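*Asks:* According to TrEMBL, the protein has these features:
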- Lys11: active site (ACT_SITE)
- Asp147: active site (ACT_SITE)
- Pro105, Val106, Ala107, Gly108, Gly109, Met110, Ala111, Gly112, Gly113, Ser114, Ala115: ATP binding site (BINDING)
- 77-155: domain 'GHMP kinase N-terminal' (DOMAIN)
- 211-287: domain 'GHMP kinase C-terminal' (DOMAIN)
Amino acid sequence: MTAVTVRVPAKVNLQLAVGPAREDGYHDLVNVFHAVSLFDEVTVIAAQPCAERGLVRLTAEGETHGNTAGVPLDATNLAARAVHRLAAETDAGAPVDIQLTKRIPVAGGMAGGSADAAGALVACATLWGAELGHDRLLALAADLGSDVAFPLVGGTAVGTGRGELLTPVPSTGRYHWVFALSGTGLSTGAVFGEYDRLRPDAPEPREDTALMSALASGNARALGAALRNDLEPAALSLRPELRSTLDAGRDADALGVIVSGSGPTCAFLAEDRAAAAHIAAALRESGHCERALVAHGDVPGATVVCQE
Ligand code: C5P
């Protein structure tokens, strides 16, 4: 085998309940992840070992202009770090070129960087024939970042701890979404920092029963009413203009309106596919977003789509 391509989904948070800051700087979460059909592709290609190059060389391209601006192409990229960790863990590492094809917004609150890291783990484990086992792969992913384990499993899942301890949620519905993308990203760390400033008295996070019963019954209207993101006030404080984006989706009759994760992407739940197209058109016309994309959820996690 000389090349492997993995397709890996973005996430939106259906509930993001955030506790007080912990001693290690992280926050305990109840984080209901939902994988949606915006996918990055991660291709790893076996490279000739030579002295001048390290283990990983990285390139990125996007479907549209600007979509890869802000993606680091050096060893700080989470996908590169993931490959180094996998090589250390398995003793199977060999030099690779990694090509990222980005569709998930960069620094958009949809875990695009984490998705690429998850995709790189699956692609390299396949290319190298590393016998790692699902649990060890999940643990390695969780160690790399709070959002890296989820794109391995996909679907809908509750993340606790700092978000990395996953329990799958059986979901019965197919949900139609619109995502309003912003031209400039937001730093996750900065949004959590703003949350601490706004909520010094944050309570312990709890799972929301209304959300869980909406998911169990597959009721999109109930799900829309139950969407909650504790980071939303912090994202709006740093980016007040997102209020107009949320309002534009509300005015177009979205069932639920929420900032995705730490933002600035805004997510709108629609009644059906036609309603999603209507909301996307209204958002584009409003001028309150850079782009509006239609997607559905949930979808499976990282999947090998090509091996050569
Ligand atoms: O784990 P990850 O590297 O994705 O987290 C990015 C940043 O988000 C952390 O450095 C931290 O500031 C913040 N964070 C947090 N609590 C979490 C997850 C992330 O404070 N549970």
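Cβ coordinates come from backbone N, Cα and C, glycine included.
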*Asks:* Minimum Cβ neighbour count within 10 Å among the binding-site residues Ala107, Ala111, Ala115: which residue?
*Replies:* Ala107
*Asks:* Taking the center of the Cβ atoms of Pro105, Val106, Ala107, Gly108, Gly109, Met110, Ala111, Gly112, Gly113, Ser114, Ala115 at the recorded ATP site, which other residues in this chain have a Cβ no more than 8 Å from that point?
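*Replies:* Other same-chain residues with Cβ inside the cutoff are Ala10, Ile104, Gly185, Gly261, Thr265.
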*Asks:* When you rank Pro105, Ala111, Gly113, Asp147 by Cα distance to Lys11 (active site), which of the recorded positions ends up on top as the closest?
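*Replies:* Nearest in space to Lys11 (active site), counting only the recorded positions, is Ala111.
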*Asks:* Taking the Cβ of each of the binding-site residues and counting other Cβ atoms inside 10 Å, which one has the highest number: Pro105, Gly109, Gly113?
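*Replies:* Going through Pro105, Gly109, Gly113 one by one, the largest Cβ count within 10 Å is at Gly109.
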*Asks:* Under a three-state reduction of DSSP output, how is Ala115 (ATP binding site) classified: helix, strand, or coil?
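*Replies:* The three-state answer is helix.
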*Asks:* Under 8 Å Cβ to Cβ from Asp147 (active site), same chain, six or more residues apart: give me those in sequence order, or none if nothing qualifies.
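*Replies:* Expected: Lys11, Phe33, Ala111, Ser114, Gly163, Glu164, Gly261.
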*Asks:* Under the DSSP assignment, what numbers of helix, strand and coil residues are found in the domain 'GHMP kinase C-terminal' (211-287)?
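*Replies:* Final tally across the stretch: 45 helix, 11 strand, 21 coil.
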*Asks:* Can you tell me whether DSSP puts Lys11 (active site) in helix, strand or coil?
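*Replies:* DSSP assigns Lys11 (active site) to strand.
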*Asks:* Taking all residues of the domain 'GHMP kinase C-terminal' (211-287) together, what is their mean pLDDT?
*Replies:* 97
